[in-house]
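Quick notes on the structure that follows.
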Amino acid sequence: MTKKNEQYQYAFIDSGTGGLPYLQYLHELEPDASMVYVADNAHFPYGKKTKEEVIAFASETVEKLIARFNPEIIIVACNTMSVMALDSLRKKFTLPFVGTVPGIKLAVKQSRNKRIGILATERTVCDPYTERLIEEFGSGCYFEKRADQELIAQIEDGLITDSYEEKLKAIQPALEQFKKANTDSIILACTHFLHIEDVFESAAGSDMQIIDTRSGVIHQALRIAPCKKNPDAPPNSCYATAALDTHIEEQYRMYSKLFQLRWGGAL
């Protein structure tokens, strides 16, 4: 049984397994980083929740995480949680947070024809925060938006281990919409999509750029909290906020092994 006083420098939170590529990116930059990942599976998916619900669920997860692991910094590796709850989390808790928001500024900078796709949850697509980002950075650009909860659910359910053909089939509706709109960039504005970013890149071809925010988010986290090597740190681990049925636990064990994490079970 995991001891209650285990401490990690970096904590990652998401509604499910989507934020794991952010943890992986930090590990690649800082192999000695002490990290814990917490998935709020009790309330997955966040994509259709109200703002009040997302704030409440995110706060509950952070409270559990701080009580158990006392991290130095929390990376909110969930676009929906970031655009809807990040301000509230920063007001309620004293430790620093780094959020993941749609990479609109980067996409606008890199787009040649100024026609940009946004692939996200329904809440991220419709949230006023996303609209403010578009107004601030996207003047003169056209944005084609797509909410794709079905694809998010497939990824959460283990699409990452399926064949390339199955992954390609899963992303085809989104690709067709963006190609029809003549976009030359697609913002992956839900962290789950990063699990199959390579499929997006190969299927989209050289004329279309795939945009994600891993580099900016993780470098910002390291600026705020430079990595401290701790030889006594516990193994990097993955937890969920609620008990899992057999099938879902198998998926979480698979993801934990894939990302070289100890599976800790429910908090």
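Just so you know, the numbers here start at 1 and follow the chain as drawn.
Keep in mind that glycine also has a Cβ here, set from the backbone N, Cα and C atoms.
Under the heading active site, proton donor/acceptor, TrEMBL lists Cys78 (among others). Listed in sequence order, Ile13, Asp14, Ser15, Gly18, Gly19, Tyr46, Thr100, Thr191 are the same-chain residues at least 6 apart in sequence whose CB falls under 8 Å from the CB of Cys78 (active site, proton donor/acceptor). According to DSSP, Cys78 (active site, proton donor/acceptor) is assigned to coil rather than to any helix or strand.
Positions annotated as active site, proton donor/acceptor by TrEMBL: Cys190 (among others). DSSP assigns Cys190 (active site, proton donor/acceptor) to coil, not to a helix or a strand.
The feature substrate binding site is assigned by TrEMBL to Asp14, Ser15, Tyr46, Gly47, Asn79, Thr80, Thr191, His192. Within 10 Å of the C-beta of Gly47 (substrate binding site) we count 22 further C-beta atoms, all protein chains included.
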> Roughly how many angstrom lie between the C-alpha atoms of Cys190 (active site, proton donor/acceptor) and Gly47 (substrate binding site)?
Replying inline: 9
> Which of the three DSSP states, helix, strand or coil, fits Asp14 (substrate binding site)?
Replying inline: strand
> How many other Cβ atoms are found within 10 Å of the Cβ atom of Thr191 (substrate binding site), counting all protein chains shown?
Replying inline: 31
> If you measure every Cα to Cα pair among Asp14, Ser15, Tyr46, Gly47, Asn79, Thr80, Thr191, His192, the residues listed for substrate, what is the largest value in Å?
Replying inline: 12
> Including all protein chains displayed, how many Cβ atoms other than that of Asp14 (substrate binding site) lie within 10 Å of its Cβ?
Replying inline: 30
> Apart from Asp14, Ser15, Tyr46, Gly47, Asn79, Thr80, Thr191, His192, which residues in this chain have a Cβ no more than 8 Å from the mean position of the Cβ atoms of those residues at the substrate site?
Replying inline: Gly16, Gly18, Gly19, Pro45, Cys78, Met81, Thr121, Thr124, Ile152, Cys190
